[in-house]
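**Q** If you scroll down you'll find the structure; I have some questions about it.
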Amino acid sequence: MDDSDEDQRLPHHKEPKEFVSLDQLAELGVLSWRLDADNYETDEELKKIREARGYSYMDFCEVTPEKIPNYEEKIKSFFVEHLHTDEEIRYAVAGSGYFDVRDRNEKWIRVWVKKGGLIILPAGIYHRFTLDSDNYIKAMRLFIGDPIWTPFNRPHDDLPARKEYLKTFVEKEVGDRAVDAAA
């Protein structure tokens, strides 16, 4: 992502554009799938993911000016950098939006989640969300057990989930060398 303060709903590509592979995202603990959003009720692949990962809770959230009271204020609150103490799982069954996550060097990576995209952000990763310029997403929210949607705005490095995230994904061995979180 570039460092522009322009409208958060724009793509914010660097010039020249830089792309991050799904493998690079997985090294940060960010997982994703492309699923059949038109048949989510009967999708066997979604069923397998839910069973394998223990996602027992499911609901839907529509983010659009017509459905969210105080929309502008709410979308700005989603864009404040934060973490959760549990995974954040979102499946775009319609529309699209951006999840921004930090890389090992504290630079933002913008992940565009479109219809059919399922993304899992690990507990403890700093991130933020915004819609794209279409101003609409309908997302399935999945959770293990009862949902806890509490965001912890940065800084919250003292939380066990953050410490575990750093140990598992940031300070781990990559190739022949250890990666330092401050690098």
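Start at 1 and count along the chain as shown; that gives each residue its number.
Glycine is no exception: its Cβ is also placed from the backbone N, Cα and C atoms.
What TrEMBL lists as Ni(2+) binding site is H82, H84, E88, H127. Residues annotated as Fe(2+) binding site in TrEMBL: H82, H84, E88, H127.
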**Q** Under 8 Å between C-beta atoms and at least six apart in sequence, can you list the same-chain neighbours of E88 (Ni(2+) binding site), or say none if there are none?
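**A** Those within reach of E88 (Ni(2+) binding site), by Cβ under 8 Å and sequence separation of 6 or more, are I120, L121, H127.
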**Q** Taking the Cβ of H82 (Ni(2+) binding site) as the centre, count every other Cβ atom within 10 Å, in any protein chain shown.
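**A** Counting Cβ neighbours of H82 (Ni(2+) binding site) within 10 Å gives 19.
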**Q** Test of understanding: give the count of other CB atoms lying within 10 angstroms of the CB of H127 (Ni(2+) binding site).
**A** 22
**Q** If the Ni(2+) site is taken as the center of the Cβ atoms of H82, H84, E88, H127, which further residues of that chain fall within 8 Å of it by their Cβ?
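**A** Nearby residues not in the site list: L83, L121, I125, Y126, R128, P151.
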